[in-house]
Amino acid sequence: METRAMLGFTILLLCCDSFASNAEETFDIRHHLSTVTRYHVVKEKKKNFLASPSISNQCSPIHLNLVARHGTRDPTKKWIKDMDTLSIRLKSLVKNAKERGSSLENLPPWLQNWSSPWKGKTRGGYLVLEGEDELYNLGIRIKERFPKLFSDNYHPDIYHIRASQVPRASASAVAFGMGIFSGQKEGKHRAFAVATESRANDIMLRFHDCCQNYREITKNQESVVQKLKQPVLDEIKGSLTTRYELNFTLNDLSSLWFLCKQEASLFNIIDQACGLFTNDEVNLLEWTDDTETFILRGYGNSLNYRMGVPLLEDVISSMEQAIIANKEGHAPGSYEKARLRFAHAETLVPFSCLIGLFLDESEFEKLQREETMELPPKPPQKRIWKDSEVAPFGGNNALVLHHCPSNNETKYFVQVLHNEQPMPMAGCGKADFCPFEVFKEKIASPHLKHNYNNICKGKLEQMDNESYTTKLLEMLSWFF
């Protein structure tokens, strides 16, 4: 009996070891790259791209609003310069270590002679070929999913396409348009227009650039973010220094983490810079990125998303116009079927907050009161807010307006698709198919009472910079 018990215990240990080994093997850093995550990674993680079962067969889509982030891009000019500096810095670290007599046995060979793959480039931040493919294929899939919406030949009054003036956003709009308007009735591609607004005046898609109060409060927020991140970064820096016998600084760590994300995202290289970190360290670094986005762009401060009110107003207005056209029986080709917008993470994240995504019902009540939300819990605790899912490259929200005849009564419903997945809406009882009037009154109206100019140029209503910073600093004590 005792022998049998010991045998069972041994098998249990072997199974646990096997499970732990498999868990280690299944960890894929490409799922942990925050806003540098590629769109196809999100698709692979959530493969159920089916219509919501709650939608009746009698319902038909009559209008679509899209708010999309640009596709995968190369590093910006600032980071290209930083990578050149990192190359020089790594060579200096290795040289100093050798002079100290360190063995450097654990030092990866690539690091000793690494040069930036962007060396010599003076411009950056442009859409790469993979980014074009992301938006082109997204256009094809949306057309296949909603064929009736995109059955007409292109006309700017039927399909309004808008992008920020930043080239990677307008290029994404073009790539998407090539996908969604391919193979039309004439058997050839139609030229299509992409409307843009100057960066200084684009309160629709680059509202963060135009909002004076946001720029002011962000100065204090950024210092709070650094205080939040520093204990985690200090710990990881110490581990790296011990592991590789190099005197890394926090700037070195920041640059190496950036390099890891770029190598994994752009080149599918996960055994160089990414190989420097353990899985636990990656999870913590990802959390610092996610928390920074949460504070600076997301639910961390109501101003972050309230300044997106012009965009929400435009979405609601387009739906109301579509409902009028449907009720009045306008002829096909005489009314708008889609508004397609292409911008940035700074646009997509606040808009996702405006419509209450990634919240439970109690949190949604706090959102309506415009209260400060709790920060994403630190690993190993689970969290809903992950940049890799909220705003990856090519990330998008599609709000689809449906017409549903029922008992001689016409009803309209809104479905929110986030990265092509039906999303439960806390403001609509966690349903992913919400009556338009409920969507408008419960989700949109609490925000629509605000005016952009008052929000961004008037006196801050909710709290001043000092009290807001104090509140965030109090929240930091929850983690450390």
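Cβ atoms here come from the backbone N, Cα and C positions, even for glycine.
On a predicted model such as this, the values are computed, not experimentally measured, just so you know.
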Selected from CYS16, CYS59, CYS210: TrEMBL disulphide partner of CYS404: CYS59
Pairwise CA distance, CYS434 (disulfide bond) versus CYS59 (disulfide bond), rounded so that it is a whole Å: 13
Fewest other C-beta atoms within 10 angstroms of its own C-beta: which of the disulfide-bonded residues CYS404, CYS434 fits that? CYS404
Listed in sequence order, residues with CB under 8 A of CYS428 (disulfide bond) and six or more positions away: CYS434, PRO435, VAL438, PHE439, LYS442, ILE443
Ranked by how many other Cβ atoms lie within 10 Å of their Cβ, the disulfide-bonded residues CYS59, CYS260, CYS274 are led by CYS260
